[in-house]
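Inspection log for the structure reproduced underneath, given as structure tokens.
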Amino acid sequence: MTTEARQPIIAPSILSADFSKLGEEIAEVSHADWIHVDIMDGHFVPNLSFGADITKAAHKSTDQPLDVHLMIENPEKWVDNYIDAGASCVIFHVEATSNPSALAQHIRERGVRAGFSLRPGTAIEPYLPHLEEFDQVLVMSVEPGFGGQKFMPDQLEKVRTLRQEIDTRNLDVIIEIDGGISAETIAQAAEAGCDAFVAGSAVYKHSDRNAAIDELRELAQRAR
């Protein structure tokens with residue numbers, strides 16, 4: 001599906017939310033298409049976030065799909081925990097597993113969408129022949145592990161490569177971008193070919209979270 005045929009998907013990252021009132025924080029982003037859940041183990045990335053328990057709590061708080069991004073080592077050991085917790089899509093890093101295709105197949109067999117992500121320094125080209133094995137590709141436009149980093153525009157070249165490949169082969173694969181997405185950067189990501197946009201501080205530091213989501217979606221739509 002081409003990017004023009006798909007409405008922009010806005011996925012607030014609860015990494016930027018106040019965990020002491022997670023249910024309320026999720027309720028305040030009711031205009032979101034997805035809820036993005038960042039899982040970090042302190043090994044694959046230096047930061048440590050939360051686990052399947054918080055994912056399950058988020059699932060109980062909303063009907064919105066949970067977009068779960070595993071920034072962890074050995075994701076094949078843990079994907080079932082997050083599927084059982086209510087993930088709608090599980091995204092793992094290609095750098096963290098020896099067999100991305102087999103892991104994607106397992107995730108899909110569990111009835112959940114499968115996605116892969118890659119660090120800014122990892123080339124996309126080796127994974128292009130396997131795109132049909134996935135439902136989603138998450139391009140990191142910051143180094144994974146911490147929120148609030150500056151957007152890396154050079155990563156949009158990966159997006160352009162993916163967009164051309166997906167459209168040429170007529171694949172139904174969503175291109176998602178995560179890192180430094182804001183009202184100032186979302187247009188260039190949309191123009192490059194992104195379908196889905198993870199936004200943390202751009203939503204949760206806004207006084208009106210739903211207004212921020214609506215603005216991001218409108219800016220992305222206008223840039224296409």
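Here the Cβ of each residue, glycine as well, is placed from N, Cα and C on the backbone.
Note: TrEMBL annotation is automatic and uncurated.
Binding of divalent metal cation is attributed by TrEMBL to HIS36, ASP38, HIS69, and within the candidate set ASP167, ASP172, ASP178 the record adds ASP178 to that site. Long-range Cβ contacts of ASP178 (substrate binding site) within its own chain (separation 6+, distance under 8 Å): SER13, HIS36, HIS69, SER117, LEU138, VAL139, MET140, SER141, VAL142, VAL198. Minimal Cβ crowding within 10 Å, among the binding-site residues GLY145, GLY180, is found at GLY145. The divalent metal cation site is defined by HIS36, ASP38, HIS69, ASP178, and by the 8 Å test on Cβ atoms against their centroid, the other residues of the chain that qualify are ALA11, SER13, LEU15, VAL37, ASP67, VAL68, ILE91, LEU138, VAL198. On a Cα basis, ASP38 (divalent metal cation binding site) lies 9 Å away from GLY145 (substrate binding site).
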